[in-house]
Amino acid sequence: MDILLKLNRRVTRYLKRAIMGSTFFFTDEQEINRRSSIAGASYNLINSIVGSGVIGMSYAFRQSGYLAGLVLLGIVAILTDYSTTILLRSGQLAKVTTYQELVYNVLGKFGFIWLSLVQFLYPFICLISYNIIIGDTVTKVLHRLWPTIPYIFQDRYTIIFLCSLFVTLPLSLYRNIAKLSQISLAGLILVVTTVLILIKRGSDTIPYISQETRNLRMINTNIAESIGVMAFAFMCQHNSFLIFHSMTEKTLPRWRVVTLITTTIAFAFAITYALTGYIVFGQRTEGDLLENYCHWDTLINIARLIYAINIMLTFPLECLVCRQVIEILCSQWINFNSDRSHYILTIFIVTASVLLSLATDCLGIVLELNGLLVASSLAYILPALCYLKLKPHSSQFSLDNIAPYIILIIGILLTISGFVLPLRHALQEGYYCQHGIEPRYCTRMFPRVTNYTKHGKKTLHFLSSLHT
């Protein structure tokens, strides 16, 4: 119980400063009270969803097909709406105010350890995906700004290492990230700006890509992978308690309005992003949608730079969450109040994320795994288990009795898929990404600049290796 109390004190203190991930951050209690209306709570919850995860929505449609993708995205939005509601209802039944306290009281130590594990893995895998995005984007921007740049600075591994050493690691070493948290609104604006740029350039690109190349499909076979990416993008359960308790009138009917507004807007935003990429590139859509655009496209490179900056500023927030979980679990044996322990732990987390990000340049598989293995537990399994154990038992055939079981089964199936599908892909076909390969349509869209490169022979080889 001492661990739980320590967890509640530290997490509550942290969450009062920051809603985890890409959410809007509050700097003090007065700010929380000032944003306690339905509109303010909806804005905070939307910010929790509309973050880095949306970059993979087009890839999710590639995996499922556009018709199946529309249906699946709607289902995920409905599941998100319902799971956040039963999570808060469970909190009221158990008379607790945090996710951690709820799981500990209902599921015991095992549930608490399970929650702690997934709470660490979710932001940690986000760090890996951030490094992959940095490697994808910064290399293109540097080459566009400096065409004769030494080849070592066009290497994604070098860029990931340098950006980690000089940007994300120093930012992550701060104990107090209040100044960084104040730019979260700007981060949302940057994401929206990126989407608008992609919509504009996508409409310009369609005439240069044949229908046969796009090969648009209504239904595809990789349904589980698609749901994994969507579940990752729609993750907001981890901060639902804080947003709920920041409302002036903390009632479930008002919370239902908040979740309805949130999931509706997030669904519309995700659909826009998904169709923007998939309609243009079809089955060639990459996990990192920006990889599908021309390396020499100035407008797209602006989008790459904007997105890279947003990712680098979000990185220390996720790193803080990882650090908090480890500190809480290991505080009985290690004194993390000392600067030395703080620096060692931070360096360890950042280094581990860098090393793992060097193992692949496929953002799609990282998003899939985070959704299937981690988000499924946080968003579906744990809320359903807690609610089923707390709610009054009834034999009546009703949605309230059946829906939690449906969510629980879906979460379990997704978790099993998270273990099985990567092995199947690795054994049968493997994962292929086209990082560093200029799409062939770029030779027609930008005929003058495409051939202007210091490594012309190598570029021509890449171009010839990509089928139209």
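Keep in mind that glycine also has a Cβ here, set from the backbone N, Cα and C atoms.
Annotated domain 'Amino acid transporter transmembrane' per TrEMBL: 35-419, in sequence order.
According to TrEMBL, the feature transmembrane segment maps to 43-61 (among others).
If you look up TrEMBL, you'll see 67-89 (among others) marked as transmembrane segment.
What TrEMBL lists as transmembrane segment is 110-133 (among others).
For the transmembrane segment (153-173), the list of distant contacts is 130-131, 134-136, 138-139, 142-143, 180, 312-313, 315-316, 319-320, 342-343, 346-347, 349-350, 354, 357-358, 361, 435-436: same-chain residues at least six beyond its ends, Cβ to Cβ under 8 Å. Taken from TrEMBL, the feature transmembrane segment covers 153-173 (among others).
Residues or ranges marked as transmembrane segment by TrEMBL: 180-199 (among others).
Annotation comment: TrEMBL describes 219-236 (among others) as transmembrane segment.
Taken from TrEMBL, the feature transmembrane segment covers 257-281 (among others). Within the same chain, residues 38, 41-42, 45-46, 49-50, 54-55, 57-62, 66, 69-70, 73-74, 77-78, 80-81, 84-85, 195, 198-199, 202, 205-206, 209, 214, 216, 230, 233-234, 236, 243, 247, 289, 292 sit at least 6 positions outside the transmembrane segment (257-281) and bring their C-beta atoms closer than 8 Å to a C-beta of that stretch.
Residues annotated as transmembrane segment in TrEMBL: 301-322 (among others).
Among the features that TrEMBL reports, transmembrane segment is placed at 343-366 (among others). Remote same-chain partners of the transmembrane segment (343-366), defined as residues 6 or more beyond its termini with a Cβ less than 8 Å from a stretch Cβ, comprise 55-56, 59, 63, 124-125, 127-133, 135-136, 156-157, 160-161, 164, 168-169, 172-173, 225, 229, 286-288, 319, 322-323, 326-327, 336, 422, 425, 431-433, 435.
Long-range neighbours of the transmembrane segment (372-390) within the same chain, counting only residues 6 or more positions beyond its ends whose Cβ lies under 8 Å from a Cβ of the stretch, are 79-80, 83-84, 86-87, 89-90, 93-94, 102-103, 106-107, 111, 114-115, 118-119, 121-122, 125, 224-225, 227-228, 231-232, 234-235, 237-238, 404-405, 407-408, 410-412, 414-415, 417-419, 421. According to TrEMBL, the feature transmembrane segment maps to 372-390 (among others).
For 402-421 (among others), the entry in TrEMBL reads transmembrane segment.
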### Query
For the transmembrane segment (219-236), which partner among 67-89, 110-133, 402-421 gives the most CB pairs under 8 Å?
67-89
### Message
Same chain only, please: residues at least 6 beyond the ends of the transmembrane segment (110-133) with a C-beta under 8 Å from a C-beta of the stretch. Say none if there are none.
### Response
3-4, 20-21, 52, 55, 99-100, 103-104, 160, 164, 168, 235, 238, 288, 307-308, 311-312, 314-315, 318-319, 321-322, 325-326, 328-329, 349-350, 352-354, 356-357, 360-363, 366-367, 369-370, 373-375, 377-378, 382, 385
### Query
Cβ under 8 Å to the transmembrane segment (402-421), counting only same-chain residues 6 or more beyond its ends: which ones?
79, 82-83, 86, 224-225, 227-228, 231, 368-369, 371-373, 376-377, 379-381, 383-385, 387-388, 391
